[in-house]
């Protein structure tokens, strides 16, 4: 294995490890974010803490980890692609010690955002259905006779009321809609992830460079971690309106009286008219609390060089 192959493999391992650790730590907050963004009209949850407490009471501790399995399975390739792609595009666009260029860094971030959606879109499509299942169950309690506009995951003609699984949802989507079913909301995902990467990667690089230590040849672990957290939280809040649109569009099953959306423009228009401009920032705090440690951990893993250490064991 050449040095370049070793470097790429190490980066993929680092991205995967960072994703697994990060998701395990912050998944309940991500679940709260999805449920807060999806509630229409009369609020079922007053905020993140209220959502987590009600979820724990109604569904138990593991109810807060609904959808975690699909995320843990796919977050490794997703984060690995995102971080490795950004690194690749940075090297491609800024060769031979070229001075830092904000435009080139933003282009590299754009490339990373475009690459990652291959995994991100189906992963979040499945995750959102599982995360929102508990909220929908409460919505429908005592309203079994009311007409519903939501889709059901069925096997045969009778509707099943069992807890949905990622495998069942994926199979139903593929059977009824083909591959396009798993990539529902692809445009909204691109619209969120490309701006996020354009903001995050250049911001992190410049913040991290402020703590560069000439003796060590890099910034300290603490500085890299904080830089990742700050850049991640700023980028996350900045694209929250786009994340709200993506979540609403990708949610297949709706509560009673909740709208279906034909696309990004239709979703934005209905959201503005029915819920007001503040609806576009639903879950912003949760999103910052999810993304900040995710990317702080990612940069910390890169700093420690876990991938390089693992590969050395096989030399």
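Placement of Cβ uses the backbone N, Cα and C atoms for every residue, glycine included.
Keep in mind that this is a model prediction, so the values were computed, not measured.
Over in Swiss-Prot, the protein carries these features:
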COMPBIAS  142-159  compositional bias 'Polar residues'
MOD_RES   145  phosphoserine
REGION    141-160  region 'Disordered'
REPEAT    6-92  repeat 'Solcar 1'
REPEAT    100-210  repeat 'Solcar 2'
REPEAT    219-308  repeat 'Solcar 3'
TRANSMEM  12-32  transmembrane segment
TRANSMEM  61-81  transmembrane segment
TRANSMEM  106-126  transmembrane segment
TRANSMEM  185-205  transmembrane segment
TRANSMEM  225-245  transmembrane segment
TRANSMEM  288-308  transmembrane segment
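The stretches the transmembrane segment (288-308) and the transmembrane segment (106-126) are not in mutual contact, being linked by fewer than three Cβ pairs under 8 Å (pairs 6 or more apart in sequence). Nonlocal intrachain contacts for the transmembrane segment (185-205), taken as residues 6+ away from its ends with a CB within less than 8 angstroms of a stretch CB, comprise 82, 86, 90, 100, 102, 105-106, 108-110, 112-114, 116-117, 120-121, 124-125, 227-228, 230-232, 234-236, 238-239, 242-243, 245-246, 249-250, 263-264, 267, 295, 299. In the repeat 'Solcar 3' (219-308), the DSSP tally of helix, strand and coil residues is 70 helix, 1 strand, 19 coil.
Within its own chain, the transmembrane segment (225-245) has Cβ neighbours under 8 Å at 37, 188, 191-192, 195-197, 199-201, 203-204, 207-208, 210-211, 219, 264, 267-268, 271, 279-284, 287-300, 303, counting only residues six or more beyond its boundaries. Residues 67, 70-71, 74-75, 77-78, 81-83, 85-86, 88-90, 92-94, 166, 169-170, 173, 182-186, 189-190, 193-202, 246, 250 of the same chain lie 6+ residues outside the transmembrane segment (106-126) yet bring a C-beta within less than 8 angstroms of a C-beta in it. Remark: secondary structure over the repeat 'Solcar 1' (6-92) totals 75 helix, 0 strand, 12 coil, with classes taken from DSSP. Here the repeat 'Solcar 2' (100-210) has a mean pLDDT of 80 out of 100.
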